[in-house]
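Step one of this worksheet: look at the structure below.
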Amino acid sequence: EENGHQNKRLKSDADEEDAEDQNKKSPKRKIVLLMAYSGKGYHGMQRNVGSSQFKTIEDDLVSALVQSGCIPENHGEDMKKMSFQRCARTDKGVSAAGQIVSLKVRLIDDILEKINNHLPSHIRILGLKRVTGGFNSKNKCDARTYSYMLPTFAFAHKDLDVQEELYRVDTETLERVNKLLACYKGTHNFHNFTSQKGPRDPSAKRYIMEMYCGEPFVRENMEFAVIRVKGQSFMMHQIRKMIGLVIAIVKGYAAESIMERSWGEEKVDVPKAPGLGLVLEKVHFEKYNRRFGNDGLHEPLEWTEEEEKIAIFKEQYIYPTIINTEREEKSMANWLNTLPIHDFNSSAVEMQTNNKNSKKSSDLEGSDGCGDDSD
């Protein structure tokens with residue numbers, strides 16, 4: 001028996017040495033990973049080292065990278081050592097179909113399969129590409145596309161007695177929704193659509209390329225629609241507040257003029273729609289692709305071959321989570337009940353007082369530090 005144990009011990013020592021030799025042979029290379037995940041139950045994307053009570057997507061990702069042998073254990077504790085950078089910092093409960101992270105890893109055999117073996121099924125690495133040594137997925141990103149899936153009863157006028165499952169949005173209402181969403185296109189001052197940014201903070205100005213609501217569809221007897229928005233970058237809660245304000249107008253709680261007011265200097269009460277329906281769809285690297293995509297050494301950061309995998313993942317993990325959570329927890333229905341509490345019609349004098357107070361507090365607090373990070 002003792003000999004048996006000794007043989008096993010020698011074998012495991014030999015395996016470890018083989019793994020170390022393999023790692024020494026595998027030089028570190030800068031890559032990007034294409035990620036998809038369902039964000040329910042997570043406190044967002046970004047890892048908070050030392051705060052284990054709030055689980056994030058990156059906690060599970062880093063653990064899988066270490067266990068698969070792509071990075072040494074100490075790189076997991078200090079992510080700067082592997083030059084880790086996420087393209088967008090998705091918020092609590094927010095999902096992604098096309099998140100990108102850049103990092104240095106050992107290019108081991110069957111790398112994607114090995115990483116995925118150590119990840120839960122609702123987080124998948126769908127693709128990998130080599131990039132330039134100085135590549136940073138956040139700084140090199142030109143634009144981000146998000147979608148927001150919501151039940152269409154959110155657009156029903158407040159004076160209508162609506163049965164949620166029976167409600168079907170009419171063409172006229174959908175046209176009005178799209179007319180309002182189109183108003184966001186261009187550059188505006190979105191200081192009212194995030195927290196702790198003053199009206200004169202230059203970083204509150206953001207450029208929106210497109211925003212529209214697609215044709216509605218029925219799932220599990222309830223009608224849903226998907227709003228898509230493409231912008232250069234988004235601040236924390238910005239998209240949810242953009243959608244929240246349009247819902248407040250369409251339902252009849254706020255006048256259309258509130259939109260123009262919200263981009264001015266005064267403080268405007270903008271409601272924040274639930275995080276559940278928000279999905280990071282795609283990140284765009286047009287400038288990088290033009291410069292390096294066809295240089296013979298690097299591939300363009302486009303994921304046409306992975307599109308089918310992305311679609312399957314959304315159908316399996318993202319859409320069912322949004323639909324089932326909405327039906328069980330009624331996040332949109334409960335949020336709609338809070339809209340009457342908001343003050344959409346404060347007088348100019350009240351606004352000036354609020355503005356002075358908020359300016360004082362923003363001067364004291366400073367920026368919220370989430371510069372170009374996404375919702």
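Cβ coordinates are placed from backbone N, Cα and C, and glycine is handled just like the others.
The active site, nucleophile feature in TrEMBL is assigned to Asp91.
What TrEMBL lists as substrate binding site is Tyr146.
Within the model, the domain 'Pseudouridine synthase I TruA alpha/beta' (184-286) carries an average pLDDT of 95. What TrEMBL records for 184-286 is domain 'Pseudouridine synthase I TruA alpha/beta'.
Per TrEMBL, region 'Disordered' is recorded for 1-26 (among others).
Sequence annotations record features per position, and here TrEMBL assigns region 'Disordered' to 352-375 (among others).
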Other CB atoms within 10 A, centred on Tyr146 (substrate binding site): 27
The domain 'Pseudouridine synthase I TruA alpha/beta' (184-286) - residue tally per DSSP class, helix then strand then coil: 26 helix, 33 strand, 44 coil
